[in-house]
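The following features are taken from Swiss-Prot:
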- 15-25: motif ''HIGH' region' (MOTIF)
- Cys146, Cys149, Cys159, Cys162: Zn(2+) binding site (BINDING)
- 332-336: motif ''KMSKS' region' (MOTIF)
- Lys335: ATP binding site (BINDING)
- 585-686: domain 'tRNA-binding' (DOMAIN)
Amino acid sequence: MEIQQRKILVTCALPYANGPIHLGHMLEHVQADIWVRFQRLRGHNIHFICADDAHGTPIMLKAQEMGIKPTDMIADIRASHESDFSGFNISFDNYHSTHSEENQALSSQIYIALRENGYITNRTISQLFDPEKKMFLPDRFVKGTCPDCKADDQYGDNCDACGATYSPTEMINPKSAVSGSTPIMKDTEHFFFDLPQFEDMLKVWTKSGALQTEMANKVGEWFETGLKQWDITRDAPYFGFEIPDAPGKFFYVWLDAPIGYMGSFKNLCDKTEGLNFDDYWKKDSAAELYHFIGKDIVNFHSLFWPAVLEGAGFRKPTAVNVHGYVTVNGAKMSKSKGTFIKASTYLDNLDPECLRYYYAAKLTSRIDDLDLNLEDFTQRVNSDVVNKLVNLASRTAGFITKKYDGQLSNHVSEPQLYQSFIDAGTSIAALFEQRDFARAIREIMALADIANKYIDEKAPWALAKQEGSEVKVQEICSMGINLFRVLMTYLKPIIPKLAARSEDFLAETLDWEIIKKPLAGHRINKFKALFQRIDPKHVEAMVDASKDSLEADKAAKQKQAAAQLDAAKSELDKEPLAPEIDFDTFAKTDLRVALITKAEAVPKANKLLKLTLDLGGETRTVFAGIKSAYTPEELEGRLTVMVANLAPRQMKFGLSEGMVLATGPGGKEIHILNPDDGAKPGQRIM
């Protein structure tokens, strides 16, 4: 069946041009790149763009500190960013900068359209002002004592120690992070985007499928608290674009940053014959537009950005695909504190294809955080890519090149087995489309297991010792090569360099449609090592090279732990510990890991969800009072913890066969327990 060609534009969030790319950034760019490469492999017309977010007070001040012009600094940063993305095989069609002629023209055009359509207001506000530097201070350039937990040296918008958010004017003893002086309040006139005018449109759009269910629910909470006008102004001195007809006033970076998607695409159109900007951005465009972003900037992309596009007469995104954060060995990464492994540090020590594969193996369409467990990383890549995939080719290619001059058998000896691998492509393609790369890899590796089992059972190395077995050995090894070819095609979007080396070995381009016909009578090239096993010493070297930044996090972690300890004491005051029990009493409780295979609302029940739990071979039904905190869609496919030996209890709505464990005071603040990566349904919790 011929696939209808789609016109697609894909963007990644724009990295800020004041520091290096780290492995947290790289998750998003790898995720988007895999999806883009898959669409290209399927024959669609797709364009993949990005740019540096190059404006704002932090860039202006850092350039001053370095004694260079902001334009020189952002040019150097852009070069390093492009080098890192290239190193990780991110296949952008265009990488640009928000500090560009295209972006300035589009920002002014959109602002004027919003103003003429009645969506811009102005009013006088009071802000903190540094009297020494004679500049208004953004929240992150005010530091002081947290008004909630009293932790010192916190930023003016949120506390790293306790997580509280607040206004800089609420801080205790605020100081300018620029000069150290005590800021004063000063009036200034600012322009505002009237977001509340778009509430009805946004309520429809956010529920249209443009957002993941979790994000749509989160946006629903913001509607409940009420939308507010957005300040789109910054006062001089500021590095950015001056607002038309407003000398000394500049666009806040969050206005011209998302417009940078359009600016980068406009730059691509201007240098690409036949590529028309309006075909992708005009209001009635039939093209698809996808933004890949992190969950920290959902507010901007789910409310502000679609409203700006609507108000200025442009199309809205088809979907905003949100991912979680990256942790390393369970520890939070923090860009502001410098506690990250830089992309360049990784590239100095390890193959980027390894991280691409590992990220893909853990990426789903949900917004869960992803932990880069370095021990698991080593084991997973070596087991899957080396032992299962590459080994399939290496153990069969030798016979073909040595005994048959590289020529494959003239026919496929196991046509049904080959067809089963081709048929699996339908579900694998659907999983790629849905961005559920983890499940796609599980299906591909299950096929790899079948292929290796086939070779193990046929044992061509033993058969080759028997007289008159030449044809049979050639058929078996040719089958192994053909199955490798199918597997490598499915993995081509994830590990493109390995795919390219495999194409050289197979003397054929890996193509989703072409593999439907097996290779017969085809000559392959001599097998060369396709992939290097991860050496744990190289992982250690990468960690050692990042030690300076990782060590810097220890003091912050200790401070955060102290704040969490204080918070824990507060929780104990609310609900004291239960009376002590002995071990034998505790051991009577059988806690098990359970997979939530199905979750559904219970008619006429305000608090209950009906959960179907898989205990690794046994299925249980449990009614849980967590409806106020979770939708069924958020729960399906997740692991949780249940009391497995609790006596069944007949309820009004059915029989409940256990209990899932959760914490929190109730309402939206209920949190079910999730086992760590590697836990399996049915495992007992000790």
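All residue numbers here begin at 1 and follow the chain in the order shown.
Any Cβ shown, glycine's included, is placed from N, Cα and C.
What you see is a predicted model, and the numbers here were worked out from it, not measured in a lab.
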Near the Cβ of Cys149 (Zn(2+) binding site), how many other Cβ atoms are there if near means within 10 Å?
-> 18
Can you tell me how the residues of the domain 'tRNA-binding' (585-686) break down into helix, strand and coil by DSSP?
-> 7 helix, 46 strand, 49 coil
The most crowded of the binding-site residues Cys159, Cys162, judged by neighbouring Cβ atoms within 10 Å of its own Cβ, is Cys159
Chain-internal residues near Cys146 (Zn(2+) binding site), provided their CB is under 8 angstroms and they sit 6+ positions away | Asp152, Gln154, Cys159, Ala161, Cys162, Ala164, Tyr166, Met171, Ile172
Per DSSP, what is the residue tally for the motif ''HIGH' region' (15-25) in helix, strand and coil?
-> 3 helix, 2 strand, 6 coil
Check Cys146 (Zn(2+) binding site) against DSSP and tell me helix, strand or coil, would you?
-> coil
Does DSSP put Cys162 (Zn(2+) binding site) in a helix, in a strand, or in coil?
-> coil
Over the motif ''KMSKS' region' (332-336), what is the model's average pLDDT?
-> 55
